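Visitor: These came from TrEMBL, pasted as-is:
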- 461-725: domain 'G-protein coupled receptors family 3 profile' (DOMAIN)
- 1-17: signal peptide (SIGNAL)
- 461-484: transmembrane segment (TRANSMEM)
- 499-519: transmembrane segment (TRANSMEM)
- 531-555: transmembrane segment (TRANSMEM)
- 576-593: transmembrane segment (TRANSMEM)
- 620-643: transmembrane segment (TRANSMEM)
- 655-675: transmembrane segment (TRANSMEM)
- 687-710: transmembrane segment (TRANSMEM)
Amino acid sequence: MSLLALSLSLYTANVITLTYNSVSSFASTSGGTICTLQNSFEPSFVAQGDFVIGGIFPLHYNQEMPDLNCTYRPPPVNCRFDPRAFRWAQTMRLAVEEINQSPELLPNYTLGYKIFDSCAYPLTGQRAALAVLNGLSEDESPMCSSSSPLLISYFSSCACLTDRRKYPTFFRVIPNDDYQVRAIAQLLVRFNWTWVGLVRGDHEYGRFAVQGLLRELQGTKVCIFIPFISVSEPQTIKRLMRSSLAKVVVVFSAEGEMTPFLRDYMAQNITGIQWVASEAWVTASVFTGSEYYPYLGGTIGFGIRKGHISRLSDYLQTVNPQKYPNNPLVQELWEALYGCSPSLSSASQIPLCSGQESLLEQHSAYMNTSSPRVAYNAYKAVYAVAHSLHNLLRCQPGSGPFENRSCAQTNSVSPWQLFFLCPIFLLDSIECTFCPENFWSNEDRTSCIPKKVEFLAYDSLGITLTVISAVGACFTIAVFAVFFHHRNTAIVRVNNSELSFFILFALMLCFLCSLVFIGEPTVWSCMLRHTAFSITFSLCISCILGKTLVVLAAFTATRPGNNIMKWLGPKQQRTIIFSCTLFQVVICAAWLIDAPPYPSRNTKYERSKIILECSVGSSLAFWCVLGYIGLQACLCFVLAFLARKLPGNFNEAKFITFSMLIFCAVWLAFIPAYISSPGNYADAVESFAILASSFGLLFCLFAPKCYIILLKPEKNTKQHLMGKEKK
């Protein structure tokens, strides 16, 4: 029979241990050091099986610490039965029985268990742990756990156990206290509790929790007036009373330690304290009694996440003195729940039970199964071991995890073999090695590999943008050809052919400049991206602005005495375009001289990837460039809107108005999209905005004219455009 010892307990031996000892190892005592136990430590519940899981639970909690002066054998611990922990132990038994009844999990094998009582006392917990590790019931063993035991805790949240150097085989199904102390610190800050008392148990759980909380509170306004009051110190209550300014007290302690502490606290008749409880006692049913309410009412804390165990309630009701007449723990359960003894042999001075007692939901300490927390952790821990065993035993030769791809022998499974999910050469790894900045760990976490590099390449997205850019450029060339071929027609001449050709040239550059955003960023491409985009768009909007002024002036110059057109001749139009574009060139030149854009490697968005992008260098210059283009577009829109009701069929002002509306809408949507898009997607967003606004300008300004030129040539007359044609 193989023995897999799964030790579960509160905080003293709060782990699941798995060891393997063959039966023959106890038959021979030749060679090696012999460990001799003081006396046998009998389990509270036993069930035989092919693999035996050992569990340690605090079925009792100590009322007072015995006097340990090392001059005589330690006296028995004065303990009190804990129905809540007894429920945890029954949950472990239920999990084992469910696994044995399952046809899918560990078929042809049975699990057994040995459940020990730690009495929530360190020395008793150590004896229970040794009893689990030694395996069989012999008092002499030549091994004493020579193989590494697997430890799975259901209630040990101490951050000290995360040290892989000291505890290489320790696992748990509960988060460590780093998360809890961070949450408690945020709670204290959130409620503005600035004067706080701190009480802890005299053990690693309390010490590490206090250290973590003090570390989290650094830099806040929370003041810890006494950072390490121990619940076992005789003067604890008096010190707490003297520090009356602190009305908030945080306690990191186990349930068993809190009982004598609260007894002394209530004897002092102290009220008005806001208690902040750790997970070890915040959900303890022993403190829900009416005698505790005046002192603990309003206590808050962070409990363990609850779960659901469907058969737990029915299973707990099967535990009764009739089924287990010789089990003293079941008798103690009845004494705790009903105040009567189910057996005449009981040494207690309480009345005999009638035999009609039945477990009811009001026995919350034992029957509270609506939201199991610690019990659910114990339940998960047993299933974790069962699944590991199942995967180990169904291993196929030639595909195993061990040396030469071998499998474990089913008749001699060792606990360390349950770590087979780790590569065999990493079984002794106790430290993590950080990869360099540009590297990431592989899937097996065995070596560093270069991070994947991403940028807006010529993949599906890049090719799509390239095709759209090429199509836009081709449309622009086609419109240019149509206008050039029909340059002597009325619609081309009325629309100022020179400015139209300037606009088409600028739009061609706008379509082509979007291609600069595709490909791996370099120093030159980064500088060219934003400057080419800003100058070409400024040129395009300047041409449209000049055209808007000409249209507005041409139809207002018909008034008597108005000589405005002499100030907007061809030379003046070129001057307007040149001046407006030159101002943008000056901004870009200052940008390139002071803080030019440069290629950067972004590792913040996703740690496993490097995103190559162009940093703008100067955010102020970048937004100045966009702001100047926006100012030009707004000015164009206002002037075109003023000229929207020009006489006749000449709708150029309306077309300019619509084109500016589309242009402004695209770039207003671009700003939040650009800010929220990471890396290569930001480049794609900017490229898409350039293409969308360019298409908007091209179609709004030139599509109606091409429609008349190509499909309605009869309307391509001056009379029709001026609204003077004969009807």
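The backbone N, Cα and C atoms fix where each Cβ goes, glycine too.
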Visitor: With Cβ-Cβ distances below 8 Å as the criterion, list the same-chain residues six or more beyond the ends of the transmembrane segment (499-519) that contact it, or say none.
Guide: 455-458, 462, 465-466, 469, 472-473, 476-477, 479-480, 483-484, 492, 525, 528-529, 532-533, 536-537, 539-540, 543-544, 546-547, 550, 573, 577, 683-684, 686-687, 690-691, 693-694, 697-698, 701-702
Visitor: Please report, as numbers and ranges, the same-chain residues at least 6 past the borders of the transmembrane segment (461-484) whose CB is under 8 Å from any CB of it.
Guide: 492, 497, 500-501, 504-505, 507-508, 511-512, 514-515, 517-519, 684, 687-688, 691, 694-695, 698, 702, 705-706, 709-710
Visitor: Report, as numbers and ranges, which residues of the same chain sit near the transmembrane segment (620-643): CB under 8 Å and 6 or more residues beyond its ends.
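Guide: Long-range Cβ neighbours of the transmembrane segment (620-643): 530, 534, 537-538, 541-542, 544-545, 548-549, 551-552, 555, 580, 583-584, 587-588, 590-591, 594-595, 653-654, 656-657, 660-661, 663-664, 667, 671.
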